[in-house]
Every structure is written in C-alpha cells, then in structure tokens.
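*Asks:* Per TrEMBL, the feature signal peptide maps to 1-27. What TrEMBL records for 83-153 is domain 'GST N-terminal'. Annotation comment: TrEMBL describes 154-273 as domain 'GST C-terminal'.
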Amino acid sequence: RMPAQMRLAHAPPLLLLLALLPSPSNAFTAPLPSLIPSLLQSSSPSTRSYRLPNIRERQAAQASLRMGGYGWVGDEAGADGGKGMMELWGTRGSRSPLVDWYLHELGAEWQDRGVAGNPNPFGSVPCLRDGAIVMFESGAILLYLADRFGALSSPRRRAEAYKWVTWANASLDPICFVETPDGKVYDTQLKGNPRGMSVLEGVLASSGPFLGGDEFGVQDVAVASYLLFVPQFFPQIDLSKWPCVSRYMLACVRREAYGKAFGPETQAFLTRVCEGYVAAGG
C-alpha cells in the first residue's frame, strides 16, 4: 500500500509537475503557485517531504489546462484554436487524393491550394497546413488528422493506426509499385505471390470487412489507397487470387468519401474491377 507521503531527499521540482498531471495524454501548461506550497512540506533544510496530490488538487490542475497559461497547450481544436481553415497542397497525380479521402470521411473543411506556395521544405505533395502546424508525407498527414479529429481516442486505436499506416507506406507500397531511382513506377511484385499480400489476406479473413473489423478507420484509407491504385497502373494484374483482399477493396471503393476524393468516374471503374475480382475469387 502506498503511504500518504513520499519522503525524498532533494527531489527535483519536476516531480511536482508530474504528480499534478491528470494523465499522460494531457499537457500541463499553467503556473500553479497556489498549489505548489500545499504539496511541498519542509521538514528540515536538507530534507523535504513530497505528497501525492489529492482529488481536489488534481481537479484544479485539470481546470488549469483549459484556462491556458504559458508553455505548450494540447489543443484539440487545432493549432489555431479552430479559427482558420486547413489548407492542402497537392495534385491529382500524387498521393494527395488519399488525404482528400480521409478529410471527406471526417467531414472536415479545408482549402485546396494546388502546388503554388507549398510550405513543405522538401517541395513534395501532399502537404497540409493547420494553423502553425505544417505536415508533409501522406502517412504522417493521415495520422495527424486522425489525432486532430479524435479518431485515436485510446492506445488500442493508436496502435492499429500507427502499425497499418506505417506498413502501407513502408511495405505495401514497394509490393504494389516497383520504382526507378527517380521514382517512376515500372513494375509490380503482384505478378507473383508476395508474402505481404498473403499475410494481409489472412488478417482480413479474421477481421473483415475492414482492418478494424466493422469499423472503417484511417488505416483503411492508407492500405486501400495503395491497393486501389494497382488496377489503374497495372490493369492486367488479377488480384482475385486474394479473395478477402478483393472484398476489402470493393468495400472501400464503394464508400461515398472515396468517390468525392478520386472522382465518380474513377470510383465507377474501380468498382467494376473489384466486383470482377470478387466474382472470380469466389
């Protein structure tokens, strides 16, 4: 059983701030001169006793998070407090539409900026600006948006999102698209039977219809986007040998937000292709 007080010789002041934090997910930002004396009790010039905050003191610390102060603030409304609109730089021929897809899924508002004035220091697209925050790399943007709009509300949700979005960019992309050193797509590993696709087939067989079961999430935007690019680059490739993947692609391409992002013609074409995969795969 933990004692009511902890006696620590020369304990660092940071201990007080850490003790006041209501949870690891919140950021402590405001000064608390009225609370610190009650937490710090001197027993001698060389030894001090630190006690854990009680419920009322912890609630006061939580209230201070909403009041602001100095330091950094964990602001769920966005970097500008929700006063401005997000801006997205991108092109139709890049990975930008997959960011559009997730923005539509979230029901978010944003402005398309094309390519002029792109704030990405590397100059590539997509690039998202949300107040003072500039995000680049499609996977990072997707995860930022999921966090920004509260879709990663638990460690389990964060874990699912992080691992699958990272896998899509680091592992699925090179399976689907073999590129030259300067980034031009010229081939695909899907002519064969890459292990990554077999593993994905097994995962979807046990989870389905989406990676998170019945719930569509940011990880599906990342994974399904790459899969749905394949018939557009390599129409001769038959993905029906992975029936669970085929059904997954069909479920994703039928989503209203996908059509808004990629266009109704692309959606209609890919729907027919995926329906063919499903019919052939049984």
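Each position is counted from 1, following the chain as shown.
Note: Cβ is positioned from N, Cα and C throughout, glycine not excepted.
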*Asks:* Looking only at the domain 'GST C-terminal' (154-273), how are its residues distributed among DSSP helix, strand and coil?
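*Replies:* Secondary-structure breakdown of the domain 'GST C-terminal' (154-273): 81 helix, 9 strand, 30 coil.
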*Asks:* Let me know the model's mean pLDDT on the domain 'GST C-terminal' (154-273).
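*Replies:* Result for the domain 'GST C-terminal' (154-273): average pLDDT 97.
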